[in-house]
Amino acid sequence: MNSYKGTILVLLSALGFALMPTFALFAYQTGISVTTLLFIRFALASALFFLYIFFKKIPLLLSGKDYFSLFLLGGICYNTMSNLYFSSVKYIPAALAVLILYTYPMMVSILSFLIDRETPSKKVIFSLGISFVGLILVLGTSIGTVSRFGVLLALSAALIYSIYIVVGNRIIRKIPSLIATAFITLFSSIGIFLLGIFSGDLSFHFEASAWIWILGLSLFSTILAIFTFFKGMELLGPTHASILSMAEPLFAILISIALFRDPITIFQVIGGVVVLLGAFLTAKSQEHTAKAQN
């Protein structure tokens, strides 16, 4: 019973994250900037996270070093990744942006080798090769028809997200996920606010209808998506939850085609499947490594 409940929760989380670029695209049509949208998203999310923590009376026992680490992760890494990703969907189809973002497991494995000297197993190397082939298939047929700048933004988002994961695993391993997420969204809102002030992109002169998409992004694609993933992970374990969460790009492709009629070629579809296969094999190999160490 728990496995079914966990599966439903993680798939609901994947759907929430998959709808993120859709909410963003509709919000952009109302005149809101990327900076303003992200600031409101993070501010609302952090406020609700801290309200939940307050009412549940969860202790915030963090050191000064922990706060600084969370500031680096949220105010710099996650903030930058979100800005790049949300900007990319203004230039390339949302489905393509999501597929490119999902090359991050390949980048995480490479960064782990470069930073931690973590020698990848043969299975991981094989998975990396598959992911790289998938990326070539996804991008090879796209370069001539879509914005190269948009592709670069999405690739940069995947790289920054990979750095966020590798660094985050090293410095906040002992901090409860909910507390870490609350502070990361708080520091992300502060970081994007400062960026908006200095760049002049922070403006609240947008149509009132934008709030429909802002609330959808903040509540469904952030709060609910994160909560359901954490709850599902408690029931299924991190590896199985991460594998199920790979339904996100599949949901994103279906939504993108249905709502925006985004052109997706057969090679991009095949490439996307190959990228996800590589990510799946990477997750499975990590599970086997963890079991061997235990």
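Placed from the backbone N, Cα and C atoms, the Cβ positions cover glycine too.
From a predicted model like this one, the values you see are computed outputs, not experimental measurements.
Taken verbatim from TrEMBL:
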- 5-139: domain 'EamA' (DOMAIN)
- 37-55: transmembrane segment (TRANSMEM)
- 67-86: transmembrane segment (TRANSMEM)
- 92-115: transmembrane segment (TRANSMEM)
- 124-143: transmembrane segment (TRANSMEM)
- 149-167: transmembrane segment (TRANSMEM)
- 149-282: domain 'EamA' (DOMAIN)
- 179-198: transmembrane segment (TRANSMEM)
- 210-230: transmembrane segment (TRANSMEM)
- 242-260: transmembrane segment (TRANSMEM)
- 266-283: transmembrane segment (TRANSMEM)
So which of 37-55, 67-86, 149-167, 179-198 is most in touch with the transmembrane segment (92-115), counting Cβ pairs under 8 Å?
149-167
Helix, strand and coil counts within the domain 'EamA' (149-282) (DSSP):
111 helix, 0 strand, 23 coil
Surrounding residues of the transmembrane segment (179-198) on its own chain - C-beta under 8 Å, 6+ positions past either end:
33, 35-36, 38-39, 42-43, 45-46, 49-50, 53, 58, 60, 62, 67, 70-71, 73-76, 78-79, 82-83, 168, 172, 222, 226
Which sequence-distant residues neighbour the transmembrane segment (67-86)? Criterion: at least 6 residues beyond either end, Cβ under 8 Å.
21, 24, 34-35, 37-38, 42, 97, 101, 153-154, 156-157, 160-161, 163-164, 167-168, 171-172, 175, 180, 183-188, 190-192, 195
Could you give the number of helix, strand and coil residues in the domain 'EamA' (5-139) as assigned by DSSP?
109 helix, 0 strand, 26 coil
Distal contacts, the transmembrane segment (149-167) - CB-CB under 8 A, six or more residues away:
72-73, 77-78, 80-82, 84-85, 87-92, 96-97, 100-104, 107-108, 110-112, 115-116, 139, 142-143
